[in-house]
Amino acid sequence: MIAWITAVAQAVLVAAVAPLLIGFMRAVRARLEGRAGGRLVQPWRDLRKLLRKEPIIPADAGMIFTAAPLVLMATSVLVAAAAPYLSTGGPLSGVADLIVVVGLLLLGTVALALAGLDTGTAFGGMGASREMTIAALVEPTLLLAVFALSTRVGSTDLGAIVAAGAADPAAVFTPASALAAAALAIATLAEAGRLPVDNPATHLELTMVHEAMVLEYAGRDLALVEWASAMRLTILLGLLANLFIPWGVASSPHPAALAVGAAVFVVKLAVLGGLLAAGEVFVAKLRLFRVPELLAGSFVLGLLAVVASAVLA
Amino acid sequence: MGLIGKIRDAGRVAEPAPPQPEQGLPAAGLGGSVQVRHVDAGSCNGCEIEVGQAFGPTYDAERHGVRLVASPRHADVLTVTGPVTVNMAGPLRATYEAMPRPGLVVAVGDCARDCGVFAGGYGVLGPVSDVVPVDVQVPGCPPEPAAIVAALRGVSGR
């Protein structure tokens with residue numbers, strides 16, 4: 001029972017924090033660009049307004065277009081509840097392992113790509129094709145990078161990996177972990193659609209990946225897509241944080257431990273988000289045909305991490 | 001370190017924001033969040049430079065909750081510049097119709113209000129209000145970025 005309550009609290013926390021993380025990253029970027037920038041709660045204001053507006057379904061779109069925002073949101077909420085963010089003892093431990101989490105994330109990606117195709121517009125199809133190209137290269141890296149950690153623990157269960165890390169932090173800082181962290185960081189950038197793979201602030205349709213698929217969404221549907229996308233960034237950054245900086249994650253279902261876990265989780269997210277936003281000021285978007293080179297590089301890092309963890313362990 | 005040094009030297013470029021404007025459109029119900037889609041209906045690009053400045057570091061419309069977006073489906077406000085040319089009347093109407101309701105139209109610049117110096121030109125259809133209903137007008141040739149920001153703040157309520 002307590003494990004289920006923890007899972008719900010986790011999902012609510014991720015859903016509540018995700019727009020604030022976007023607001024924080026925009027603020028960091030604005031500060032470095034010499035602007036004043038918007039408020040931290042601006043993404044929440046945007047969502048509140050969008051939720052009140054009417055959704056528009058294009059004349060050529062079918063059921064997939066209507067269903068995709070719900071699928072995307074549902075997968076995000078499920079991952080947010082199942083993955084070890086506050087506590088390592090989730091209600092679905094043994095089921096909600098790495099492969100399920102990656103599969104759920106991919107399900108959301110595919111739903112949105114199909115929705116992009118479903119609109120029948122040129123840009124929607126282009127965005128979907130690009131997103132699938134990137135997803136096909138990113139998902140193996142996501143799996144491989146965490147496999148490098150799971151060989152140490154002997155399980156693909158994310159909760160078990162984080163618990164082992166929290167119990168013995170010294171074991172986390174190995175060459176294999178460093179390689180896996182680098183691979184997972186690059187995969188996170190690509191999966192969440194951040195620079196240098198995709199520019200979330202672009203207005204030029206020819207350079208869009210994620211944006212091109214959601215160009216036709218309006219009102220409530222757009223709010224769900226934006227909210228779920230923010231949650232996916234939070235989910236991936238949270239995984240990165242808890243797998244490689246495992247301190248503060250509650251190992252017991254005690255309320256105080258969970259509160260500390262929540263506070264530490266938010267701080268970790270803020271630090272990673274701040275670093276990501278600051279880093280984005282210094283890089284330009286990669287040309288689309290150079291992206292596979294970057295992702296192949298991250299895959300090699302993941303492969304080296306697995307080899308290193310098998311050989312050096 | 002080139003870029004880091006420049007960031008440190010430049011510091012904060014944004015000018016202090018003027019007090020919140022009195023006039024507002026309470027019916028808009030946007031609650032401090034305005035997404036703007038811009039359409040150039042035949043402008044000389046003078047107004048575009050000023051709109052660009054309004055979203056640049058100095059005037060920084062983003063701090064008032066105003067953001068430019070890439071699709072009319074995402075937009076609450078359509079900013080239109082220039083006299084509407086014969087060729088742009090259709091696309092302007094289509095853009096307006098693609099917006100979710102309630103959608104507002106801000107006519108930026110003298111040309112958008114009354115065709116300005118282009119009035120009577122063979123390619124000019126008429127002012128923006130002849131094609132789509134206009135809610136807010138920003139006079140000037142071109143209008144100052146501060147005036148554009150003030151008009152958008154009037155819509156956003158912040």
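Just so you know, the numbers here start at 1 and follow the chain as drawn.
Using the three backbone atoms N, Cα and C, a Cβ is placed for every residue, glycine included.
Copied over from TrEMBL, here are the features:
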type	residues	note
TRANSMEM	A:6-25	transmembrane segment
TRANSMEM	A:61-86	transmembrane segment
TRANSMEM	A:98-120	transmembrane segment
TRANSMEM	A:132-150	transmembrane segment
TRANSMEM	A:170-190	transmembrane segment
TRANSMEM	A:230-250	transmembrane segment
TRANSMEM	A:256-282	transmembrane segment
TRANSMEM	A:294-312	transmembrane segment
With pairs fewer than 6 apart in sequence excluded, do the transmembrane segment (A:230-250) and the transmembrane segment (A:61-86) have three or more C-beta pairs that lie under 8 Å?
yes
Pairs 6 or more apart in sequence, C-beta under 8 angstroms, 3 or more of them: is that satisfied by the transmembrane segment (A:132-150) and the transmembrane segment (A:6-25)?
no
Between the transmembrane segment (A:6-25) and the transmembrane segment (A:294-312), are there three or more C-beta pairs closer than 8 Å, counting only pairs 6 or more apart along the chain?
no
Could you pull out which residues elsewhere in the chain have a CB under 8 Å from any CB of the transmembrane segment (A:230-250), counting only those six or more residues past its ends?
14-15, 17-19, 21-22, 43, 73, 76-77, 79-80, 83-88, 101, 105, 108, 146, 149, 158, 161-163, 165-166, 169, 172, 177, 180-181, 184-185, 188, 191-192, 194, 257-258, 260-261, 263-265, 268-269, 272-273, 276
